[in-house]
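Dropping the structure in here first, questions after.
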Amino acid sequence: MDWKKIKLHLVNNLIWVIIVGLFLFFALLIPRGWLGLRNIEFILYVGSMIGFLVIGESLVLLSGNMDLSLAQNAGLSAMIVGYLSAAVFEGAPGWVWIMGVIIVGAILGSVNGFLIGKLRMNAFLATLGTFLAFNYATFLISRGTVVGLPKALILPGSLSFSGFHMAILIFFAVAVLVHFLLRYTRFGANVYSVGGDPEASRKMGINIGNTYFWVFTLAGALAGLSALIFIGYLGCVPSTMADGMIFMAFAGAVMGGISLRGGRGGIIGAIGGVILFGIIEAGLTMINIDPALRGIFSGVVLIVAIMINRMRERIIDKLLMPPQG
């Protein structure tokens, strides 16, 4: 029996152990209703809202970068399309607006891709700049007000059958597609390669700039999908819609086993991070925790996620280190 492989498997799948432990903790804390099907559906629905951002951030982290502006991308995409649908092209078909949010998200993501992939700017500084730009652009369009939306835009995030939200199926379908993209395509292999060792990837002939560009563009499209689910839940586009979401996206990706150093991790683990976030949100909602305390808790979760990631990286490095002598 290869104990090293077993240990490596356990470390790589630590998120699922945490999920089971936390789920049982809330089951003991909230015996009434926690194990019901409605609560399970709520956990998955809440998770799906942030899930697209977690998948998008996971993609970027796997490439060895980070995107601080991803949540603001979602907010601005929704605001731009919401404003156009209400004030400019009111009579356009509903599918135009649905695709419009995703396309605008991809375009905004491609701005980061151009700055980092083509101009070779530092990802932290570039996305910090676009974070501020997207944030203030959202306020500029809305003037601090809430923008109403046509029914077609609200549909993807609000449609349900017998209480089961279609957003959950949309999220898992997209997550599976991204998983296959990363595992079974040349693009996915390039993402892992440039994330693990950019210099070696360059010597192998991989176009690092193009890989970065498409990673950020795809992450932007996922931010647009996240915006669709959020506005379906809210029924409108508040100017503060994206506030605080980026921290949960980072925490979900990192807790799911995505390495902050790049090139290590996968979408299956990121899905675990999404489910963990849903459990936390459902638990705090049922306990009726004060919103201010939730903000503090979010910060603690992010710190814990980074600590767990660091511990996991050390253990994996030790297990993969060739025996000496």
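Keep in mind that glycine also has a Cβ here, set from the backbone N, Cα and C atoms.
TrEMBL does not curate its annotations; it predicts them automatically.
Grabbed the feature section from TrEMBL, which reads as follows:
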- 12-30: transmembrane segment (TRANSMEM)
- 42-63: transmembrane segment (TRANSMEM)
- 70-89: transmembrane segment (TRANSMEM)
- 95-116: transmembrane segment (TRANSMEM)
- 123-141: transmembrane segment (TRANSMEM)
- 161-182: transmembrane segment (TRANSMEM)
- 212-235: transmembrane segment (TRANSMEM)
- 241-260: transmembrane segment (TRANSMEM)
- 267-287: transmembrane segment (TRANSMEM)
- 293-311: transmembrane segment (TRANSMEM)
Cβ under 8 Å, sequence separation of at least 6 from the ends of the transmembrane segment (212-235): give me the contacting residues as numbers and ranges.
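Cβ under 8 Å, 6 or more out: 48-53, 55-57, 59-60, 62-63, 65, 67, 70-71, 73-75, 77-78, 82, 98, 101-110, 112-114, 116-118, 149, 153-159, 167, 170-171, 174, 178, 187, 191, 194, 241, 245.
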Among 95-116, 123-141, 161-182, 267-287, 293-311, which stretch has the highest count of C-beta pairs below 8 Å with the transmembrane segment (12-30)?
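Ranking 95-116, 123-141, 161-182, 267-287, 293-311 by Cβ pairs under 8 Å to the transmembrane segment (12-30) puts 267-287 first.
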Sequence-remote contacts (6 or more beyond its ends) of the transmembrane segment (161-182), Cβ cut-off under 8 Å?
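Contacts of the transmembrane segment (161-182) (Cβ under 8 Å, skipping residues fewer than 6 from its ends): 38, 41, 44-45, 47-49, 51-52, 55, 59, 62, 188, 191-192, 222, 225, 229, 232, 266-268, 270-271, 274.
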Examine the transmembrane segment (241-260) against the transmembrane segment (95-116) and state whether at least 3 Cβ pairs sit under 8 A, considering only residue pairs 6 or more apart.
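Between the transmembrane segment (241-260) and the transmembrane segment (95-116), contact is absent.
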